[in-house]
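Straight from Swiss-Prot, the features:
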| type | residues | note |
| --- | --- | --- |
| REGION | 112-144 | region 'Disordered' |
| COMPBIAS | 120-137 | compositional bias 'Polar residues' |
| REGION | 195-219 | region 'Disordered' |
| COMPBIAS | 209-219 | compositional bias 'Basic and acidic residues' |
| REGION | 302-398 | region 'Disordered' |
| COMPBIAS | 307-321 | compositional bias 'Low complexity' |
| COMPBIAS | 364-380 | compositional bias 'Polar residues' |
| REGION | 413-438 | region 'Disordered' |
| REGION | 456-561 | region 'Disordered' |
| COMPBIAS | 468-478 | compositional bias 'Basic residues' |
| COMPBIAS | 480-496 | compositional bias 'Low complexity' |
| COMPBIAS | 497-523 | compositional bias 'Polar residues' |
| MOD_RES | SER536 | phosphoserine |
| BINDING | GLY645, PRO646, PRO647, GLY648, THR649, GLY650, LYS651, THR652 | ATP binding site |
Amino acid sequence: MDSQRSHHILTRLTKIRRRPQQPLTDFTELYSRIANETIYYLNLEEKKRYKEALQGWKALTTDVLFKQTLIEHNYPNTQSYTKDEVSLQNGIRELYHKSVMHLKRVKKLVREEPAPRNDMPSSKTYTNHSSSFTRSTEPPPVFQMVPGRMMKTLRNRNACGYKTAYSNPSLSSYGNSTSIKRGEDAENIRVNFVPSKPLSNNASRQHKNPIEHNDPPLKKETELYSDKYISEPILIDLTNDEDDHDVGILKGHNVFDEEESDGFEFDVSDYYDNFSEVDVEEEEEEKEERRRIKTLEAIQQQMSDLSVTSSTSSNKSVSSSENVPGSCIQSLPTTAPALPSLPPPPLLNVDRASSTGALKPHSLETSTTMDSSKIRNPQISKLMKNNHVPYLKGTKSTPTLITKSTPTFITRSKSNTKPIIKSNASSPTSSLTVPNSVIQKPKTAAMAAKRVLNSKKVASNPALNTTKKSHPILKSKTAKVPNSSSKKTSSHPSRPVSNSKPYSHGASQNKKPSKNQTTSMSKTNRKIPAQKKIGSPKIEDVGTEDATEHATSLNEQREEPEIDKKVLREILEDEIIDSLQGVDRQAAKQIFAEIVVHGDEVHWDDIAGLESAKYSLKEAVVYPFLRPDLFRGLREPVRGMLLFGPPGTGKTMLARAVATESHSTFFSISASSLTSKYLGESEKLVRALFAIAKKLSPSIIFVDEIDSIMGSRNNENENESSRRIKNEFLVQWSSLSSAAAGSNKSNTNNSDTNGDEDDTRVLVLAATNLPWSIDEAARRRFVRRQYIPLPEDQTRHVQFKKLLSHQKHTLTESDFDELVKITEGYSGSDITSLAKDAAMGPLRDLGDKLLETEREMIRPIGLVDFKNSLVYIKPSVSQDGLVKYEKWASQFGSSGS
């Protein structure tokens with residue numbers, strides 16, 4: 001709020017005015033904390049720490065119930081809550097109910113005590129095969145991966161040449177046995193020290209030893225890659241030196257095509273489903289691995305051709321390693337298995353891509369995507385299909401994926417703690433920058449709460465649910481955006497995070513989203529700076545997104561009727577405006593937004609007396625609107641009707657009753673509705689008014705106090721703009737009626753005539769207290785000029801009874817007759833004011849005892865109260881004024897009282 005920064009004299013008043021926002025702050029903080037703790041406990045469940053999760057769920061449900069009760073106690077007036085506060089309150093309740101469901105489910109899991117599965121890829125082993133090299137018998141303690149522990153590097157610090165490999169780029173060629181051009185690429189690579197996390201259970205099962213990838217090559221000899229293990233390469237490396245290792249592999253092997261990678265899109269829902277795969281899929285994975293053994297031998301020969309021993313790259317590699325000690329050189333393996341890209345693949349550099357000229361026979365330009373359908377090598381494509389490519393993410397066409405298990409990479413970065421942000425640009429150099437337009441998920445649940453606050457805005461404008469880029473960022477899990485090419489439907493958010501349904505085999509290749517598919521990311525999340533995301537992103541963000549979007553979708557479903565009405569109205573307004581020719585769009589929007597009024601529920605019975613005026617209105621307006629087929633030719637209804645008379649006689653009430661009884665669209669016009677500070681805009685507003693009225697016929701254009709708009713043009717003080725408004729109003733008004741009286745055919749000189757009843761059922765209904773001030777041309781167009789006089793004796797009698805029908809009173813018929821006599825000359829509004837003041841008489845008699853007296857003990861209203869009120873309430877119309885009205889009515893009025 002800008003007022004918080006200003007230091008002016010109203011600062012204290014500003015703080016007082018901010019007090020009602022306190023419930024919003026409390027709800028936001030509570031929602032954020034619930035969401036964060038929910039994600040944390042779901043993460044504990046994924047790690048099979050059910051007892052800790054059970055205790056957490058119990059504490060969370062109890063605390064949420066207490067906090068919510070406390071907030072409702074502190075702010076008991078729930079009716080004064082804003083829409084944002086109600087939305088947050090509903091979101092908190094939804095999260096609470098979900099927590100209760102999680103609590104029941106975890107209790108069941110604790111009772112069953114299922115056999116725990118180890119999620120650590122470093123400790124998960126295969127009996128037959130899982131890696132292309134062996135592990136050291138005593139790995140260094142730095143490689144004992146523990147969730148949440150921050151490690152500077154995954155390399156073996158005891159290995160020979162460790163510091164030299166980092167300090168001297170020329171020695172980087174021996175750091176990874178699988179890199180192609182380490183010597184020539186090391187100068188373009190920065191090492192990232194961000195800790196690596198296991199990708200998923202599937203990833204840990206399929207790729208057991210990538211974490212120890214740097215340790216054995218530095219300790220073992222060249223015979224490390226024996227025939228026993230060389231048949232299966234490492235497909236995913238989760239170490240933190242991907243900038244050195246995997247970029248070289250991508251550069252050398254060139255498995256991917258950057259131009260074809262735009263078609264590859266990543267399904268985040270499929271990506272996270274791997275965390276909760278059931279044991280059945282483990283058996284399927286074992287079968288798939290047995291099947292892959294047959295294909296790995298054929299691929300090994302192709303990968304070995306791209307190793308550091310190739311003739312094209314050996315010269316530079318040898319020259320770059322001249323300063324390496326002999327013991328270290330001997331430890332370099334000769335035929336290292338290739339490492340396909342990690343999820344997500346590291347950024348590629350222009351220099352790095354252009355420096356691999358020796359590898360052009362195997363090059364596919366610059367490669368970053370791992371879509372098996374795009375790979376030219378059929379053997380590698382088949383291998384990728386068997387290994388479930390959803391673990392690998394798209395490249396420059398998609399930004400980073402926020403997940404705890406995804407290692408982050410930094411290329412040409414001065415700080416090793418900043419996560420990488422991928423660019424959507426097509427050039428390779430764009431991968432080195434951090435674009436502002438990249439959409440990111442919220443870091444914490446506080447940002448998620450903002451999405452709840454903005455849920456209505458996002459839902460009311462579907463255009464906000466799309467991104468500016470042509471590439472989808474992440475697949476949405478909300479129910480707002482249907483995704484036909486994904487297995488995840490709108491019912492997905494209702495499922496718990498830890499019990500996600502595993503996807504079927506091959507879904508990654510067949511279920512990719514379209515290139516231009518929209519997402520439900522709000523624009524608020526796009527503005528989160530990348531600098532705020534320090535270190536590896538947390539997997540709790542996934543749960544936050546699930547819980548928040550689920551609560552948002554539920555709130556949006558409750559507001560769907562209201563939102564649908566608004567959206568439908570906007571669509572209809574746009575269609576109407578598009579169908580109108582020669583009408584300014586902005587002026588038409590202003591007419592819709594400010595002038596269109598739905599008819600108030602005022603009926604004939606609500607108006608006391610004025611029977612003659614009611615009959616005239618029925619004949620001139622109601623009957624022609626309801627039966628247009630009978631009113632043609634000479635029976636054509638009038639297009640203008642003027643209600644004039646003293647103030648307070650019920651002219652506006654009659655107009656409202658006409659709108660209700662005729663079931664027509666009601667336009668309430670005043671001088672401010674048709675005036676603009678810009679030259680020529682007022683005429684456009686008048687034109688748009690009549691055009692829309694014709695389109696929405698039957699309609700009534702009611703102009704109260706029309707003398708302010710259609711005053712006499714003979715006045716010397718009149719300016720040019722007001723004259724133009726009057727002229728345009730008169731011209732548009734004339735177009736409503738046919739030029740040839742009695743003709744049933746349209747006249748070419750008039751755009752809208754009786755030939756089309758739907759376009760001509762428009763009435764200009766006006767009311768004024770100064771009928772003699774109206775311009776003569778406007779008076780001519782008011783064919784009916786109805787005089788609304790002061791209420792007669794019978795009318796006043798009926799009005800008094802109507803006003804006192806719901807009040808306790810002691811008035812008899814004789815008292816009512818006396819009231820009618822003493823209120824001679826009072827208008828309808830004067831009588832209403834008199835009755836209100838008389839109703840205060842019993843309360844005035846109580847004085848200070850009013851606060852202690854029961855309602856039933858207050859005496860009823862009597863005639864004496866009305867007589868006392870006559871001292872204060874006087875008639876508002878003078879006798880001289882009445883004479884003037886009657887004179888004008890006899891001269892220009894079309895009907896008497």
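Cβ atoms here come from the backbone N, Cα and C positions, even for glycine.
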*Fewest other C-beta atoms within 10 angstroms, as judged across GLY645, PRO647, GLY650, which are the binding-site residues*: PRO647
*Once near-sequence residues are set aside, which residues in the chain of THR652 (ATP binding site), 6 or more away, have Cβ atoms under 8 Å from its Cβ?*
ASP704, ALA767
*How would DSSP class THR652 (ATP binding site) in three states?*
helix
_Taking only same-chain residues 6+ apart in sequence, whose CB is under 8 Å from that of GLY648 (ATP binding site), what do you get?_
SER827, GLY828, SER829, ASP830, SER876, VAL877
*Remaining residues near the recorded ATP site, that is with C-beta within 8 Å of the centroid of the site residues GLY645, PRO646, PRO647, GLY648, THR649, GLY650, LYS651, THR652*: LEU643, ALA767, ASN769, ILE788, SER827, GLY828, SER829
_Cβ neighbours within the same chain of PRO646 (ATP binding site) - under 8 Å, at least six residues apart_ = ASN769, ILE788, PRO789, LEU790, SER827, SER876, VAL877, GLY881, LEU882, TYR885
*In sequence order, which residues at least six apart in the same chain have a CB under 8 Å from the CB of LYS651 (ATP binding site)?*
LEU643, PHE644, GLY645, ALA767, ILE788
*Under 8 Å by Cβ from THR649 (ATP binding site), same chain, sequence gap 6 or more*: LEU610, ILE788, PRO789, LEU790, PRO791, SER827, GLY828, SER829
